[in-house]
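K.L.:
This is the structure I want to talk about, given as structure tokens.
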Amino acid sequence: MKQVIQVPETTGFDDDLLGQTFVPIDEQLLKKYTSSQWGFTQGLLLGQLSVIVVIVLFIRFFVFSESAASNKTAPKEPIINKRIKNYKTIDSQSSPLLSLDNEGLPQSAADLFKAKVSAILEKTYYDVKTHQSESLDWFNVLVAQMISQFRDEALSNDNIYHSLRAALSSSDLPDYLDTINITEINIGSDFPIFSNCRIKQNELNGRLEAKIDVDLSDTLTLEIETKLLLNYPKTLTASLPIQLSVSIVRFSGCLTVSLITASDEELEDDSSSSAKGVGLMFSFSPDYRLEFEIKSLIGSRTKLEDIPRLSSIIDSQLRNWFVERCIEPRFQLIKLPSLWPRKKNTRQDENDI
């Protein structure tokens, strides 16, 4: 049975309690209310504690990982060793040119080079036998910009004139020639056209080469004048004025371009600074076309103009000079700078700031 506590409605001891009515209170209801408040507090504390535990575990295992400690105990294997070990699984299957020994390593540097070339052709989807030749219109535009800039610098303040004059003045001339003076310089106005580019593999060394047709129709002229001195029977007995003009009016041929690294034979035999790093090799095929226009004028009073024999000698000397330097099997080698980005090479256009 429920116990009910009755409080008198009025008492005579406290005037403040007069007029107030006391309602009976259920003890069981009071206990239930008190227990519900304690249960809410426990749930709130447990929820906050669980959130804190989750945050601590996340920071412990995801933010502060133990990779640094594990790297100290376990020695790190060099990347190059991994590449050599994986070489058998990658290149030996894709390239039939590579022969491997029992340990999966290339037998010679030539086999490694052939495998590298085959991998490049395979991953770039280029077949040297069936791939069509390509036009180089974009390359012609870049080359034209470079040549145009060179011409502007050469003509600025007559730089090319002063350079050629200094070169002729410093050269050792024979006793029968007077000082050479430059009377005309023409560096042209047209640009070379590159076309019909195709990638071929050299049959001798397996190197990849770019074959490019080059055609230039322009006029490049250098005109000089000097005197032929007669020093017999005494010095400066007589002199014969000579005017000579040489112009290149046409050139066409097949240009061969390839890259040579420090491991190649050509660079190892070279004792110059070009023997280190990567070099750009270029040469022209023997079936080139080079046309000159040579004019000559000899004498003071009675002048001989355009002597065929003299023109033939000059033409032969210029061709021999070109053949000995640029015609296959000879080639020119230009050392390429490092392409690795460096802070000292960083620039920014002032208009973009």
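Backbone N, Cα and C define each Cβ position, glycine as well.
OK, TrEMBL features for this one:
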type	residues	note
DOMAIN	132-337	domain 'SMP-LTD'
TOPO_DOM	1-43	topological domain 'Lumenal'
TOPO_DOM	65-353	topological domain 'Cytoplasmic'
TRANSMEM	43-63	transmembrane segment
K.L.:
Which residues of the same chain, at least 6 past either end of the transmembrane segment (43-63), have a Cβ under 8 Å from a Cβ in it?
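P.N.:
That would be none at all.
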K.L.:
Taking every residue in the topological domain 'Lumenal' (1-43), what is their average pLDDT?
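P.N.:
Average per-residue pLDDT within the topological domain 'Lumenal' (1-43): 55.
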